[in-house]
Amino acid sequence: MSTLVIVGTQWGDEGKGKITDYLAEKADVVVRYQGGNNAGHTVEKEGVQYKLHLIPSGILYSEKICIIGNGVVVDPASLIEEIENLQKQGISVDNLKISDRAHIVFPYHIKQDELEEISKGKNDLGTTKRGIGPCYMDKSERIGIRVCDLLKPKVFEEKLRRNVEKKNKLFKELYGAEGFDFEEMYQKYLEYAEKIKPFVTDTTVLLYDLIKSGKKVLFEGAQGTLLDLDLGTYPYVTASHPIAGGVTVGAGIGPTMIDEVMGVVKAYTTRVGKGPFPTELFDENGEFLREKGHEYGTTTGRARRCGWLDAVILKYSVRVSGITHFALTKLDTLTGLKKIKICTGYKFNGRIITDFPASLEDLAQCEPVYEEFDGWEEDIQGAKTFDDLPYNAQKYIRRIEELIGIKAAIISVGPERNQTIVLRDF
């Protein structure tokens with residue numbers, strides 16, 4: 001590893017947190033490059049669980065530099081709460097760095113998110129209502145407020161006053177809703193500014209210098225390929241770019257500085273919220289995966305929709321992110337199933353297609369074409385090598401490799417760090 005990007009290959013919730021945590025031990029720097037506190041992951045260390053939303057997983061290692069890049073949108077209240085919770089658990093945050101170019105989430109973003117979802121009725125997108133989308137909207141509209149603005153009281157006052165007036169007018173005229181008090185918000189965010197100020201720096205300079213000096217850098221993505229604003233199942237997507245290409249913009253480095261890309265593949269497929277899901281299961285197998293895999297959102301607590309592994313999706317993810325190898329997670333969840341399936345193509349308009357369609361209307365009409373595999377009953381959570389796995393589990397993994405054209409580098413067989421089979425060193 002010199003620079004390694006970790007991306008989700010499905011609709012998020014692939015287990016990136018555990019893989020990042022595992023690889024972070026060998027990295028010098030861990031960077032978050034997109035999204036906000038709409039994503040979450042749970043990392044275990046020495047039997048203790050840590051729930052993270054904004055701060056990179058590397059924070060659990062005091063010697064690692066952890067960077068929140070310019071592509072992340074930061075809710076200061078959420079960030080400060082996360083910092084304080086880690087400190088209460090005895091975790092140092094001294095090596096946390098926050099980009100001065102990152103955009104700030106405000107209460108009016110959260111309210112706008114909620115009101116827009118309500119106004120869409122049955123056509124709502126199922127957002128986390130954390131204000132992420134509206135914050136990125138303001139960024140695109142060039143009225144966003146950045147961390148560097150927050151640290152200059154007069155500049156911040158001018159920009160916030162303009163935005164509060166604009167948003168209050170929007171809430172009243174479009175939604176018939178109450179607005180916000182400028183002074184109250186201004187004072188509250190000045191308090192936040194003082195608390196985050198020690199962590200703020202130009203992370204583009206810092207990161208460039210770290211890479212040039214030979215440091216090992218791990219880029220930690222949130223969400224997954226199919227939630228990408230351009231390449232995901234639009235409009236049921238997030239407002240940022242959780243693919244490898246998002247790193248260059250969201251962390252402020254050039255594409256030639258990326259050496260490898262690891263795709264995280266859950267051994268089955270899950271999705272939160274609305275939108276087509278070709279391999280979704282509505283039977284006892286779907287319930288089995290949900291309960292055994294504890295498929296409930298870290299951020300929202302929402303039950304995840306569950307289905308069989310979809311190789312069409314995985315091939316698409318490999319292609320658009322240039323993935324070089326993959327980590328397979330939650331293989332142990334499949335233990336106990338008599339039969340396991342992998343979708344190898346879609347039946348659409350009387351023919352078989354193997355490329356992921358752009359149109360959601362087309363995707364909704366796609367019927368999965370499956371290959372069926374025998375399952376296994378053996379407990380695999382103690383497996384230390386590939387050969388320790390049951391033959392049927394090995395066969396399942398090898399078929400995934402054949403279907404998507406890249407090799408597995410890591411296999412996760414349980415939630416603990418030591419329940420990890422490493423096939424390739426980094």
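Positions of Cβ are set from backbone N, Cα and C atoms, glycine also.
Here the structure is a predicted model, which means the values were calculated and not measured.
Per Swiss-Prot, the IMP site holds Asp13, Glu14, Gly15, Lys16, Asn38, Ala39, Gly40, His41, Arg142, Gln223, Thr238, Arg302; the candidate it also names there, chosen from Thr3, Thr128, Thr248, is Thr128. Between the CA atoms of Asp13 (active site, proton acceptor) and Ala303 (substrate binding site) there is a gap of 12 Å, rounded to the nearest whole number.
Its Cβ taken as reference, Asp13 (active site, proton acceptor) is surrounded by 28 other Cβ atoms within 10 Å in the chains shown.
Put simply, the two farthest-apart Cα atoms among Asp13, Glu14, Gly15, Lys16, Asn38, Ala39, Gly40, His41, Thr128, Arg142, Gln223, Thr238, Arg302, the recorded binders of IMP, are 34 Å from each other. Rounded to a whole value, the Cα-Cα separation of Thr128 (IMP binding site) and His41 (active site, proton donor) is 15 Å. Nearest Cα neighbour of Asn38 (IMP binding site) among the listed binding-site residues (Gly12, Gly15, Ala303, Leu331, Val413): Gly12.
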